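Scroll down for the structure; my scribbles are underneath it.
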Amino acid sequence: MHNVKVDPEIKLDFQDVLIRPRRSKLKSRAEVDLFCEYNFKNSKKTVKCIPLVASNMDTIGTFEMAAALSKQGLMTAVHKYYSVEEWKSFAQAYPEALNSVTISSGTSDEDIKRLSSILQEVPGISGITLDIANGYQDSFPDTISRVRDDFPNHTIVAGNVVTGEVVEDLIRAGADIVKVGLGPGSVCITRIKTGVGYPQLSVVLECSEVAHELGGHLMADGGCTCPGDIAKAIGGGADFVMMGGMLAGHDQSGGELRTKEDGTKVKTFYGMSSETAMSKHVGQVASYRTAEGKSVEVPYRGDVNETLQDILGGLRSTCTYTGAPLRKFSFFLHYSSKYYQDCKEDPNIMIRARLFASCYAD
Ligand SMILES: NC(=O)C1=CN([C@@H]2O[C@H](COP(=O)(O)OP(=O)(O)OC[C@H]3O[C@@H](n4cnc5c(N)ncnc54)[C@H](O)[C@@H]3O)[C@@H](O)[C@H]2O)C=CC1
Ligand SMILES: O=c1[nH]c(=O)c2[nH+]cn([C@@H]3O[C@H](COP(=O)(O)O)[C@@H](O)[C@H]3O)c2[nH]1
Ligand SMILES: [K+]
């Protein structure tokens, strides 16, 4: 018997809400301190940082990005394609940056072997990001437990998932921070190729509650297109926000730089499940699968430090409008101009939008 259930609750994305302003004692944006302190449940580490994280995509989580971001107090999930030798020279050149990086890994035996050998050679790396496209894989908690046993003092980020019950599984298995997001990314096509996904602000609202109840932390991954989206993710309960596209196209980003015929410069940026990424790292797209990411060209944007100033300036300003430090504002207005406009034009869209909210079969 095929029993379909539809969750009728409306789910929210960043563009469906605005943050409500409130009285503030702050006289200037300069008074706002964006550094936050965290005590991690399983690694027992205490960390003070600005809770923004460069994504572990090979065009974003580069050593160059890590060096630039660490200077400003931000974090980098370094991608999984650097060798032991490359890690050793990075550690020698930027020893202070090791505090603000995690090393990424998948879950295959080969991935874990590589992870272990790098951590053996460069023990100062502060954390590990265990990242798979589908964090619902049955064996994922076991892999996390294994890595936790081997590295009791490293902060472990694990993902991606989008629902509370699995957030709980991953934290109980040994993760400190659960990374959430399925298909919201700027170069994601997972929702198109598979029909699976979950609106990202609702993911954050629902999953942060579960994580925090257990003493764990949450990282919102994907879908932030501007500083305001980051503010909304943090306001919704995310302890950390991971950025891909917002950091693409800079000197510190990977990807090929190209000058177009009209003289403008562009850099390539692609999903880690795109044909480009698979050809680069695996040699080809395996016959049983399809790409779940796309490849784009983004305008070349120079030094990432200017973009960081824009992002951090926006967040400081959020704090002054809401009279609250980072992570302490949480009054959203659900207005969704796009959603209601659509509804006016077509009453059926209202129903379809509700159906979209969440649908599962058993
Ligand atoms: N947040 C999101 O919505 C999504 C994120 N992604 C990102 O893209 C990355 C790559 O995703 P996936 O390619 O789905 O792999 P994955 O990292 O989830 O890997 C799953 C398993 O398949 C293996 N594998 C991957 N590509 C293969 C290939 N071409 N041939 C044979 N085996 C292969 C891997 O070694 C691994 O054991 C993820 O790690 C994630 O960072 C991908 C899709 C969705
Ligand atoms: O469906 C996907 N196919 C892909 O090929 C892919 N590559 C990256 N990612 C995810 O997107 C996040 C970055 O998102 P933004 O660019 O929106 O910041 C990243 O941090 C990932 O979680 C992918 N998702
Ligand atoms: K990722």
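The backbone N, Cα and C atoms fix where each Cβ goes, and this holds for glycine too.
Just so it is clear, the model here is predicted, and its values are computed rather than measured.
What TrEMBL records for this protein:
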type     : residues                                                                                            : note
DOMAIN   : 12-324                                                                                              : domain 'IMP dehydrogenase/GMP reductase'
BINDING  : SER28, ARG29, LYS80, ASP131, ILE132, ALA133, MET272, TYR288, ARG289, SER317, THR318, CYS319, THR320 : NADP(+) binding site
BINDING  : GLY183, GLY185, CYS188, ARG191                                                                      : K(+) binding site
ACT_SITE : CYS188                                                                                              : active site, thioimidate intermediate
ACT_SITE : THR190                                                                                              : active site, proton donor/acceptor
BINDING  : ASP221, GLY222, GLY223, GLY244, GLY245, GLY271, MET272, SER273                                      : GMP binding site
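The separation of GLY223 (GMP binding site) from ARG191 (K(+) binding site), Cα to Cα, is 13 Å. Within 10 Å of LYS80 (NADP(+) binding site), counting C-alpha to C-alpha distances, fall none of the recorded positions GLY185, THR190, GLY222, GLY245, GLY271, SER273. Checking Cα-Cα distances from GLY222 (GMP binding site) against the binding-site residues (SER28, GLY183, GLY185, CYS188, MET272, THR318) with a 10 Å cut-off leaves GLY183, GLY185, CYS188, in sequence order. Among the binding-site residues GLY222, GLY223, THR320, the ones whose Cβ sits under 6 Å from an atom of ligand 2 are, in sequence order, GLY222, GLY223. In space, ASP221 is the closest of the recorded positions GLY185, CYS188, THR190, ASP221, SER273 to SER28 (NADP(+) binding site), judged by Cα positions. Residues ASP221, GLY222, GLY223, GLY244, GLY245, GLY271, MET272, SER273 are listed as the GMP binders, and the farthest two of them sit 16 Å apart at their Cα atoms. Take the mean position of the Cβ atoms of ASP221, GLY222, GLY223, GLY244, GLY245, GLY271, MET272, SER273, the recorded GMP site; other residues of that chain with a Cβ within 8 Å of it are SER55, MET57, GLY181, PRO184, GLY185, SER186, VAL187, CYS188, GLY293. The most crowded of the binding-site residues listed here (LYS80, ARG191, ARG289) is LYS80, judged by how many other CB atoms sit within 10 Å of its own CB. Annotation note: ILE132 (NADP(+) binding site) sits in a coil segment as assigned by DSSP.
Here the candidates are the binding-site residues GLY183, CYS188, GLY223, SER273. The one whose C-alpha lies nearest to that of THR318 (NADP(+) binding site) is GLY223.
Checked against GLY185 (K(+) binding site) by C-alpha proximity, the binding-site residues ILE132, GLY271, MET272, THR320 yield GLY271 as the nearest. If you take every residue in the domain 'IMP dehydrogenase/GMP reductase' (12-324) and average the pLDDT, you get 95. The K(+) site is set by GLY183, GLY185, CYS188, ARG191; from the centre of their CB atoms, other residues of the chain with a CB within 8 Å are GLY181, LEU182, PRO184, ILE189, THR190, ILE192, GLY197, GLY222, GLY223, GLU292. Of all Cβ atoms in the shown protein chains, 25 besides its own fall within 10 Å of the Cβ of GLY244 (GMP binding site). In this structure, the CA atom of GLY271 (GMP binding site) is 13 Å away from the CA atom of ILE132 (NADP(+) binding site).
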